[in-house]
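Annotation comment: TrEMBL describes 28-251 as domain 'RNase H type-2'. Taken from TrEMBL, the feature divalent metal cation binding site applies to ASP34, GLU35, ASP142.
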Amino acid sequence: MDLRELDRDSTGLCRLNSPVPAVCRKEPCILGVDEAGRGPVLGPMVYAICYCPLSRLADLEALKVADSKTLSESERDRLFVKMQEDGDFVGWALDVLSPNLISTSMLGRVKYNLNSLSHDTATGLVQFALDQGVKVAQVFVDTVGLPDTYQKRLQQRFPGIEVTVKAKADALYPVVSAASICAKVARDQAVKNWHFVEKLQDLDADYGSGYPNDPKTKAWLRKHVEPVFGFPQFVRFSWRTAQSILEKEAEGVMWEDSLTGDQEGPGRITSYFSEGARVRPRLPHRYFQERGLESATTL
């Protein structure tokens, strides 16, 4: 799996996909959706789709695909290679969402939570398959949030497709299992080969599972937090675990108020019509006030 695009820019989204098998443009297809790396504080989250013709579903099942969490890394790698070898009837695509993209989305002025980000990414991948000419007839999705609400949303978005959203779908439907394997293989490779642009000294590659409650992961975070600039881009700084470590280990920041003590705020509206109307400083836009930004008077 070629993740060089992620190496070049680890701040956004990286999409990878297989060639579309010719048969998938001719026959009705079944498509599965799953993710890997939703909960960790380290590394990207990966969403993946896998699809094949309904007439070849038995061939996909014969590969013995299963929920990626029940397989060893070597088993997942072997099955992914096998799916690539069977590229005459199996196709896949995936989105690698960087930690930076996840955190900036969640902490933006307009809140964009992880569920919404997950739903939109899954929807985008289904649409990508359709745009590539895949004749999608059925979609099976491992749920995020309430299955009924999610299914209704997808059904409205794709009215001509039969949509099924279930909890633990990766253990129930082989096509979702195949998608979970694609997602997990991509995340494992991205984490293992992560390119640290920060040039960290004494980088410790042993960060445990990457989950917030792992003591080894917490120790890694404490070791690699920079007092001024915070964490490397490998870290989802919006996670509560990361924020707590920042509060304890990083330097505090004092923001100057936009209005100093000798500046007056807005007066009564009638004062603007009096003969001796006061000249008041024009306040900066709210955007600059919230961020403590001021005009530079000298360079």
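Including glycine, each Cβ sits where the backbone N, Cα and C put it.
Within 8 A of the CB centroid of the divalent metal cation site residues ASP34, GLU35, ASP142, the other residues of that chain are VAL33, ALA36, TYR47, ALA48, ALA122, VAL141, VAL144, ALA169, ASP170, VAL176, ALA179, SER180, ALA183.
Here the binding-site residues are ASP34, GLU35, ASP142, and the one ringed by the most other CB atoms within 10 angstroms is ASP34. Mean per-residue pLDDT, taken over the domain 'RNase H type-2' (28-251), amounts to 93.
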